[in-house]
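If you look up Swiss-Prot, you'll see 109, 135 marked as methionine sulfoxide, on the strength of similarity to another entry. The region '10 X approximate tandem repeats' annotation in Swiss-Prot covers 67-265. Sequence annotations record features per position, and here Swiss-Prot assigns repeat '1' to 67-88. If you look up Swiss-Prot, you'll see 89-110 marked as repeat '2'. Annotation comment: Swiss-Prot describes 111-121 as repeat '3'. Marked as repeat '4' by Swiss-Prot: 122-142. Among the features that Swiss-Prot reports, repeat '5' is placed at 144-165. Residues or ranges marked as repeat '6' by Swiss-Prot: 166-187. What Swiss-Prot records for 188-209 is repeat '7'. Per Swiss-Prot, repeat '8' is recorded for 210-230. Per Swiss-Prot, repeat '9' is recorded for 231-241. According to Swiss-Prot, the feature repeat '10' maps to 242-265. What Swiss-Prot lists as signal peptide is 1-18, and the listing cites similarity to another entry.
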């Protein structure tokens, strides 16, 4: 199981190169991708959750209970933001160390990816050119039919559709043929890349010393991350206590008020 975790970590780190396999822009670091995703995800949850709380407080029941959930939500959001800022340097250090420890393996895998990319690129360029040629040919064949449609009456619509149908089918068949040709050209290189990756990890697994070393370093980094995260998590717990207590008091007060009104009736 530890080997699987380590393998996934290495794949994730090499993903900063693999995700740009067909692209020309500079790759984003693993930490930047994780940080961006986490920030967007947490902010989305926080914003949507706040909207629900605001809607509830604006309702008749929310006004009657007067739980002040929105104040508690904002306080809770501030606490989470503080904890996230505290954990930022810790998780950054963890990713930096993990990247450093797997540098050699990632370089080998990136080299394999680049080699396959160079072999496949001519087929991709040829496919793109053929695709554009087919679309241009189709556009030229469509031009006179479009003029005929604009000049013709409604009763000619059916006739125009009958003329367009063979052209569309011809384009579809030709594009399918190009896609199939590309698939056949690229398939051997995809299989080769898959075999290379499998061989890399098999060699890592069979080399007991290397694998044990990677596992030990990964465990050490995870342990260090856990130790450094403890203060921030404790701050989170302390920040949650007054929020939960305030919410508890508000709910009990609302229940008590409701009970008194029922008894008075």
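Quick reminder: no glycine exception, Cβ is built from N, Cα and C everywhere.
Non-local neighbours of the repeat '4' (122-142) in the same chain are 22, 164, 167, 171, 174-175, 178-179, 181-182, 185-186; each lies 6+ residues outside the stretch with a CB under 8 Å from one of its CB atoms. Within the chain, the repeat '6' (166-187) has long-range Cβ neighbours (under 8 A, six or more residues past its boundaries) at 120, 123-124, 127, 130-131, 134-135, 138, 141-142, 145. Sorting each residue of the repeat '6' (166-187) by its DSSP state yields 22 helix, 0 strand, 0 coil.
Highest Cβ count within 10 Å among the modified residues 109, 135: 109. Between the C-alpha atoms of residue 135 (methionine sulfoxide) and residue 109 (methionine sulfoxide), the distance comes to 37 Å.
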